[in-house]
Amino acid sequence: MSGRDNRGAGGGGGGHQPLSNAMGKLKEKLTRVGDELGYHRVESNLSTSNTATSLDTILPEDPFLFPQVSPQRHPQNIVRTQLLLEDEPPLSFRPLLEDDDINEPPTQQQQRTPLRASGSLELTPLPPPPTSLEIREHRDRQQRGAQGDDLQRSKQSLKGSRVSFERRDTGNSNTNSNKAAESSDEDSFEEKRTGFQQQKATSVDHKGILKDLKHILANDNRRQFQAKKHVSLDVKGTRFLQDLLKESSSEEEFHKTRREFQGRKHQSLDPRVTFKLDKVLQGSSTDSDEEGEDAEHKRLIHRPKDITKPVIIDLKDLESESDEDFLTSRQHFQQQRSISTDSRKSRRLYEMDEMGNKRGENIRHAVPFVRQITEDGKPKLEVYRPTTNPIYIWTQVLAALSVSLGSLVVGFVSAYTSPALVSMTDRNITSFEVTQDAGSWVGGIMPLAALAGGITGGPLIEYLGRRNTILATAVPFIVSSLLIACAVNVAMVLCGRFLAGFCVGIASLSLPVYLGETVQPEVRGTLGLLPTAFGNIGILLCFVAGSFMNWSMLAFLGAALPVPFLILMFLIPETPRWFVGRGLEERARKALKWLRGKEADVEPELKGLMRSQADADRQASRNTMLELLKLNNLKPLSISLGLMFFQQFSGINAVIFYTVQIFKDAGSTIDGNLCTIIVGIVNFLATFIGIVLIDRAGRKILLYVSDIAMVLTLFVLGGFFYCKANGPDVSHLGWLPLTCFVIYILGFSLGFGPIPWLMMGEILPAKIRGSAASVATAFNWFCTFVVTKTFQDLTVAMGAHGAFWLFGAICFVGLFFVIIYVPETQGKTLEDIERKMMGRVRRMSSVANIKPLSFNM
């Protein structure tokens, strides 16, 4: 040791060169020697981490090449590196841990003056580097083993690392041991390094380390989020936590008890674990005197801790009945208790929890705003949002029934000409003459007036309100029927029909808008078909009464029908959406309370209406009619207009207006009046079939079935009339026209009859709903006028078969229109439909098989 010290002293003290030159040469020499030996110096300031996780890198131990390096934390976070280039006993290493005492006095071997890596360099006499012979021997050992690769990887990973080495007391101070000892040391090092890597999972790959760290941090954040933000959808559990918060003496006590409760209460989504939990819960029992919620909470808290451990159970060993019950329960659990770690979803869950009433009905009857988890662990993209309130059905039925009586009047007025024209053209009954041309105007003026009423109705429902506009049509309906009943000439009949048609246009516009804004999405399809059903009742009533009454008595009956409609309209409120649009928040709240029930929490729905109205106001234009031409508004308007076009050009009103005449021309062996009654009954019953199917099969499926049925029957009916006019005798097929008419009416009433009106109130945006509905209604009645006014001319020019074939071809084109353009609106709120139609949400697959919620009758 003394010889080496003398050489070091002599080398460091010779000459009078400046100290800086000596420092530079010594540093350069040490660098060159260190690089030759495979050693990488730590020269940058390495600040210590104040977190609990550090990146520890393994440096292979070599008692010859790698001297002891012991980083110590400087008060200024400077790592001091100590280089010892003298023969020492074998070294071992370990990562520098956070709990190490950095103020512990250094050992005797560590009491050396360090080289500072922070820009300044303190020089002390250092031992010379190993001789070339020693270096050569070490390189030979490198070539014999695979240690060289480990050294290179360690060299690359040393940057930025914090490594601490400590001396291993082996009891042997002689470093020049034999080769067997060296081999033993190398094997010992390999074993320790392998064990360290297995225990600490420390990778020399920085990307792997960062990936593992991110995974650890993500799991830690998730656990913290679930512990702090997790809100239980279980009503009893949530209420218990709220009571626990009040009773806890400190926040720590509350969080501790809550974590214990949540850890044992919430079940795993793993089916095997969930099934095991269910079995354990079913097997648990308590004393008979421990009943009620307190006993339930006590059982939740004092469950065995190992209850949540995964237990592998083969579902094949279970009974099939238990298996089905389990799968049903698990699906229910996933829908009602699946918690998303997304903060927005969790905030919505928290809001839903606040909505719950004392009995928790809101939570139990709701599907939450969550990304539901499928069996393969992937989230569904569709988020289905029904109401969070139980459906209070009676008030909504009363509202739908009230406006549907107006639809009954509309149906009666529309079908009036079919039985009335037969007696009106009879000079033995009528005191004035009605020519064929005048009769066509009696049938055609009503749709023309409805066109004007549809245009006028749009502004009226915006300024007067939906309810008041519907109510305003009741008295004119009575006046129009009295004008016809007391008519002494054709002019009075035409005036009465024009006034009735004008009211029909307004009513047909406002009825679907009112229902669309008052009933809940879960029953909108069912109750939305009530106006169509009552309209068909009005048609049937007109056909049946027309077979026994002349045109004047039939008009008096028409004057009596609006009376109950007028009375019931005074009992229902205005739509909450219209109140919100006028800034009448309190009246909107009262209307919602009336519609949803006094015990219902209407604040969330009211807030949704206000947000929707605010969006509509921000995007509103002074010229609403020009707003219709914007691209995002043109799409829903075009769909609505297309449905109205294909509805009317299916020829339905030509069939209804001239049913008796068509059966007479067909030469049917069945009485014409009886045929009209049969058609009316089928039309009425088919609507109720549609009511049952529309919220189960969906809108588009019913449109497909409706269109195909009409195409087939119209082509067959056209073939019958063609054969009758040009072909063989078809008198033995007198039943065929009635059969085709029944199937045709059945198909129309299932789909293209009610759905275009229903979807008009669904797909049109709120800010243009009044004007757009006005345009769609006017267009519908324009098409009705064209079809009814030109039907007789078509039969003369093309023959009856040509007219029916034309209607069938149009229906065939309508099938492709429905397939390509018409969206499915089943089970969606108006806000969701509007966002999708306006292009503000991405296209997502619909949630299948979600049934409507149970009713509180």
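Including glycine, each Cβ sits where the backbone N, Cα and C put it.
Database features (Swiss-Prot):
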COMPBIAS  134-143  compositional bias 'Basic and acidic residues'
COMPBIAS  171-181  compositional bias 'Polar residues'
COMPBIAS  330-341  compositional bias 'Polar residues'
CARBOHYD  N428  N-linked glycosylation site
CARBOHYD  N550  N-linked glycosylation site
MOD_RES   S248  phosphoserine
MOD_RES   S249  phosphoserine
MOD_RES   S250  phosphoserine
MOD_RES   S320  phosphoserine
MOD_RES   S322  phosphoserine
MOD_RES   S845  phosphoserine
MOD_RES   S846  phosphoserine
TOPO_DOM  1-392  topological domain 'Cytoplasmic'
TOPO_DOM  414-440  topological domain 'Extracellular'
TOPO_DOM  462-473  topological domain 'Cytoplasmic'
TOPO_DOM  519-528  topological domain 'Cytoplasmic'
TOPO_DOM  574-636  topological domain 'Cytoplasmic'
TOPO_DOM  658-673  topological domain 'Extracellular'
TOPO_DOM  695-700  topological domain 'Cytoplasmic'
TOPO_DOM  722-740  topological domain 'Extracellular'
TOPO_DOM  762-767  topological domain 'Cytoplasmic'
TOPO_DOM  789-801  topological domain 'Extracellular'
TOPO_DOM  823-857  topological domain 'Cytoplasmic'
TRANSMEM  393-413  transmembrane segment
TRANSMEM  441-461  transmembrane segment
TRANSMEM  474-494  transmembrane segment
TRANSMEM  498-518  transmembrane segment
TRANSMEM  529-549  transmembrane segment
TRANSMEM  553-573  transmembrane segment
TRANSMEM  637-657  transmembrane segment
TRANSMEM  674-694  transmembrane segment
TRANSMEM  701-721  transmembrane segment
TRANSMEM  741-761  transmembrane segment
TRANSMEM  768-788  transmembrane segment
TRANSMEM  802-822  transmembrane segment
Remote residues contacting the topological domain 'Cytoplasmic' (462-473) - C-beta distance under 8 A, at least 6 residues beyond either end: 403, 406, 503, 506-507, 510-511, 513-514, 517, 566, 569-570, 572-575, 578, 770-771
The topological domain 'Cytoplasmic' (762-767): DSSP-derived helix, strand, coil residue counts: 4 helix, 0 strand, 2 coil
Cβ pairs under 8 Å between the transmembrane segment (768-788) and the transmembrane segment (529-549), at least three: no
Whole-number Å value for how far N550 (N-linked glycosylation site) lies from N428 (N-linked glycosylation site) (Cα to Cα): 11
Remote residues contacting the topological domain 'Cytoplasmic' (762-767) - C-beta distance under 8 A, at least 6 residues beyond either end: 516, 524, 577, 612-613, 616-617, 619-620, 624, 627, 633, 636-637, 639-640, 773, 776, 823, 825, 830, 833-834, 837-838
Number of Cβ atoms other than its own within 10 Å, given for N428 (N-linked glycosylation site): 5
Proximity of the transmembrane segment (393-413) to the transmembrane segment (701-721), 3+ C-beta pairs under 8 angstroms: no
Per-state residue totals over the topological domain 'Cytoplasmic' (519-528) - DSSP helix, strand, coil: 8 helix, 0 strand, 2 coil
Average model confidence [pLDDT] within the topological domain 'Cytoplasmic' (519-528): 73
Recorded stretch that, among 474-494, 498-518, 529-549, 553-573, 802-822, has the most CB pairs under 8 Å to the transmembrane segment (701-721): 802-822
Spatial neighbours of the topological domain 'Extracellular' (789-801) far in sequence, C-beta under 8 Å, 6+ residues away: 440, 443-444, 447-448, 651, 654, 657-658, 662, 665, 718-722, 725
Contact between the transmembrane segment (741-761) and the transmembrane segment (498-518) (3 or more Cβ pairs under 8 Å, separation 6+): yes
The transmembrane segment (529-549) in contact with the transmembrane segment (802-822), cutoff 8 A, at least 3 CB pairs, sep 6+: no
Neighbouring C-beta atoms (10 Å sphere around the C-beta of N550 (N-linked glycosylation site)): 16
In contact by Cβ distance (the transmembrane segment (802-822), the transmembrane segment (637-657); 3 or more pairs under 8 Å): yes
DSSP residue counts for the topological domain 'Cytoplasmic' (574-636), split into helix, strand and coil: 44 helix, 0 strand, 19 coil
